[in-house]
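Per TrEMBL, the feature Cu(2+) binding site maps to His71, His72, His143, His209, His211, Met282. The disulfide bond annotation in TrEMBL covers Cys46-Cys96, Cys78-Cys102, Cys261-Cys283. The domain 'Copper type II ascorbate-dependent monooxygenase N-terminal' annotation in TrEMBL covers 30-146. The feature domain 'Copper type II ascorbate-dependent monooxygenase C-terminal' is assigned by TrEMBL to 174-298. Sequence annotations record features per position, and here TrEMBL assigns repeat 'NHL' to 442-486. Annotation comment: TrEMBL describes 1-24 as signal peptide.
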Amino acid sequence: MVSSLAILGAALICILLALHGSDAHTVEVNITMPEYNVQRPDTYLCTTIELPLKPHKLVAVLPQAKMDVVHHILLFGCPTPARMPEPGKPPPVWECVGGNTCAQGGNIIYGWGRNAPALALPDGVGYSVGAGSTIQYIVVQVHYLEQRPANDSSGVTLQLQPHPVPFAAGLLSYAAGFEIPPKRNSYLVDNECCYQGHQPLITFAMRVHTHKLGRRVYLRRETWDHSGIEELGGRDPQLPQAFAPLTSSIIWPGDRLKATCDFDSSEATGVTRVGNTHNDEMCNLYLMVYGWHPNIVMCAGMYLVGDKTPGVMPTEGKFVADPSPFWTPPPPGADVVDSLNDVTSVATSADGSIWALYRGSRHWTDDSFDSHNVLKQPTPIPEPVLVRLHPDTGRVQAALAGDMLYMPHMVTPDNYGHLWVADVGLHQVLKLSQQGALLLAVGTPLKPGAGKDSFCKPTQVAVLRDGSFLVADGYCNSRIVKFDKEGKYLAEAAFKNGQVVHSLLVDECQDLVYVVSRENGMVRSFRLSTLQEQRVWDLKKYGRVWSLRMGPYSTVLALAWEVGQ
């Protein structure tokens, strides 16, 4: 699947805000299945309600069902349900086996089975519902085992909060098609997807679902250094099928997540297939996560991407203000708490810190370099020019790299907590700790070059999960260079016609690196594994292309404008 390329004419900064609880009041919404005559086993019924018109956060779900009557309950968030409620009439009810839940779009946001207890999300986490989201309606699907008993009131109670919360809840759902042969003590069904996201996700709960043959369902991923496999969580599907708390893990972009169901068919006399009845089988895993932005996606043996229904984000892709923001910027005219001169790069690290790189008392002018690209002022900038900013107030919390950098260009935080700085004056890339200690330097200091151990005005670093990295090199050499995690040269790819290679972005799920050719207004993609060119996007009509970021749901965002416009 090829990522779409979006254009954004402003800097993109993700801000991770402090986790807060709240004592604001909670709104409870009861959804009970209306009367409907269930005449056969394994009937699926759906009903729906319209959510409040104002923005709310869904923070808890209280199930109202018993496992001797109900096999499972699923909640779907929909922009439009398959049946619309009518004013002044009872809520609609319809049979919905096979996915007839939402008229368009829709995502699973909750599941229940086997007398599981209520689900409460962590403090500061909620699903965005109502105005400003694509979850305008909740559809409740109830799978009845046998005939529905009299006076049945199966359903759920939703707890909504009208105030904002700092984190958006999400759900990674796994479903697989398969057949289970008979007389097998253990038969494994795998379903693997790559998380092609733009933000780290924090796991906090997991629910698994099979029918009677399931013995264990678990989620694994490859370790960063490719040395082995680690398990993120697992559960016996014959236990109450609740969202059980997990020890938190961080899901990183590029992680390949594999859900596995272990079945025991030793007593089966024939092949067991996937199906909707309790005599068939299923292999489902639901992983609850939270992040800065909502992420609700399905894995069916491909990328974890919602092509048609991107979480609770409108599919039109418009950038609009959050109608109920957790944080608002200072009003116009407010006092500036800290000011920086000649900021050249801003980035967000995995822990939510905002890092800004500026040049202090130094300025890049037409006279800064000689005709051989050697810096005329070969002394480091005395000020600490790499600063960590408070994401709410903008105050400087730490300042690093004094008497170290010469003409810094871009900063790149990696998933290990390190900071990589490309310095066009020093002709090096530096790897620093968050305390400012120098961990690695690649390139020959103050000497431009084009060999395996030298750069000429490098512009940016991109770091892969295993610690290897690529360098955009840069203003003179017009190439990208790949190194292992120790800084050993591996390979390079050159551009033609002296193009300025200004920025790069890696997508490990697709084995791609995107590279900016600034003056030509071009973005090119290369295979990470071979550095062979794959595709070119011509964006000249938008001006020069300066920088790239991964956007929501597999998009690549390009920052483009023309100087002076």
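A Cβ is built for glycine as well, from the same backbone N, Cα and C atoms used for every other residue.
Break the repeat 'NHL' (442-486) down by DSSP state and the numbers are 0 helix, 17 strand, 28 coil. Ranked by CA distance from Cys96 (disulfide bond), the binding-site residues His71, His72, His143, His209, His211 have His143 at the top as the closest. Within 8 Å of the Cβ centroid of the Cu(2+) site, not counting the listed residues His71, His72, His143, His209, His211, Met282, the chain contributes Gly113, Thr210, Gln241, His278, Asn284.
Cys46 (disulfide bond) has Cys102 as its nearest neighbour among the recorded positions His71, His72, Cys102, His211, Met282, going by CA to CA distance. A 10 Å radius around the C-alpha of His211 (Cu(2+) binding site) takes in these disulfide-bonded residues out of Cys78, Cys102, Cys261, Cys283, in sequence order: Cys283. In space, Cys283 is the closest of the disulfide-bonded residues Cys78, Cys102, Cys261, Cys283 to His71 (Cu(2+) binding site), judged by Cα positions. Cys283 (disulfide bond) and His209 (Cu(2+) binding site) are 6 Å apart (CA-CA, integer value).
Annotation: Cys261 carries the greatest number of neighbouring Cβ atoms among the disulfide-bonded residues Cys46, Cys78, Cys96, Cys102, Cys261 [cut-off 10 Å, Cβ to Cβ]. Ranking the recorded positions Met282, Cys283 by C-beta neighbours within 10 Å puts Cys283 at the top.
Looking only at Cα atoms, His72 (Cu(2+) binding site) sits nearest to Cys283 among the disulfide-bonded residues Cys78, Cys102, Cys261, Cys283.
According to DSSP, the domain 'Copper type II ascorbate-dependent monooxygenase C-terminal' (174-298) comprises 0 helix, 64 strand, 61 coil.
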